[in-house]
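Working notes for the structure below.
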Amino acid sequence: MTLKSRPLVSVLRIGLINYNSGLQLQKMLSNQSVDHRWQFHNYLVLQEHNPVYTIGIRTNDYNEEDEKRLRKLGADFYRTNRGGLITFHGPGQLVAYPIINLQQFTPSMRWYVSTLEELIIRTCRELGIAEATRTEHTGIWVKDRKICAIGVHGSRYITTHGIGLNCCTNLKWFEHITPCGIEGKGVTSLTEQLERQVTVKESIEILLKMFTEVFQCQLCEESSNI
């Protein structure tokens, strides 16, 4: 694929926002009215969230009492249309949402999830975590601890939601849930694994470099005042 023929993806660096604002932004960016696949404007939204627990389409394991318990900790709680079970987002975690039309890339959700996994594996390895890998469970793992959650939604080849990579996240928030519904597993972060402070800002630069490689696209910076 030549550089000219590669899909263009605009990068939005949003910073720290509440989860509901992030949902509304996703909705606005994904609900584009276009007549042709190449008219769709692709975005990669980079952000951090105020503390929030989110749950995917399989919601049976967490009832209203669980929701109240988690809210009392000082976090928000949202039920979403993404895949996967419960997870946590908070400061120090890089939340990346590709809002893209897969018809400009490869029209397959299976390919998309696999490519997101490859994106995180390469990002972790570039930072020095050679053991980051896939397992039979969703997300990216370092041994038996998850370093990145993946939960996506696709409608007519338009993607929403995405990944949550623990950079310097306070991991104590995860102690109040069974992350992604998997018993006996833990969570970790780039900071914990590398034994130094790894910020979201540092991680973003590596992730952007890897994103152009695995998605075979061009990136351009765009103002977040949209």
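Every residue gets a Cβ built from N, Cα and C, even glycine.
Automated prediction, rather than curation, is the source of TrEMBL annotations.
Copied from TrEMBL, the annotated features are:
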type: DOMAIN; residues: 38-219; note: domain 'BPL/LPL catalytic'
type: BINDING; residues: R82, G83, G84, L85, I86, T87, F88, H89, A149, I150, G151, G162, I163, G164; note: substrate binding site
type: SITE; residues: K146; note: site 'Lowers pKa of active site Cys'
type: ACT_SITE; residues: C180; note: active site, acyl-thioester intermediate
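When the Cα positions of R82, G83, G84, L85, I86, T87, F88, H89, A149, I150, G151, G162, I163, G164 are compared pair by pair, the longest gap among these substrate-binding residues is 15 Å. It is K146 that, of the recorded positions R82, K146, has its Cβ surrounded by the most other Cβ atoms within 10 Å.
Listed in sequence order, L94, V95, A96, L116, L119, I120, C148, A149, I150 are the same-chain residues six or more apart from I163 (substrate binding site) with CB atoms under 8 A from its CB. A simple way to gauge crowding: the CB of G84 (substrate binding site) has 21 other CB atoms within 10 angstroms, across all the protein chains here. Here K146 (site 'Lowers pKa of active site Cys') is positioned 18 angstrom away from R82 (substrate binding site), judged by their C-alpha atoms. Model confidence over the domain 'BPL/LPL catalytic' (38-219) stands at 91, taken as the mean pLDDT rounded to a whole number.
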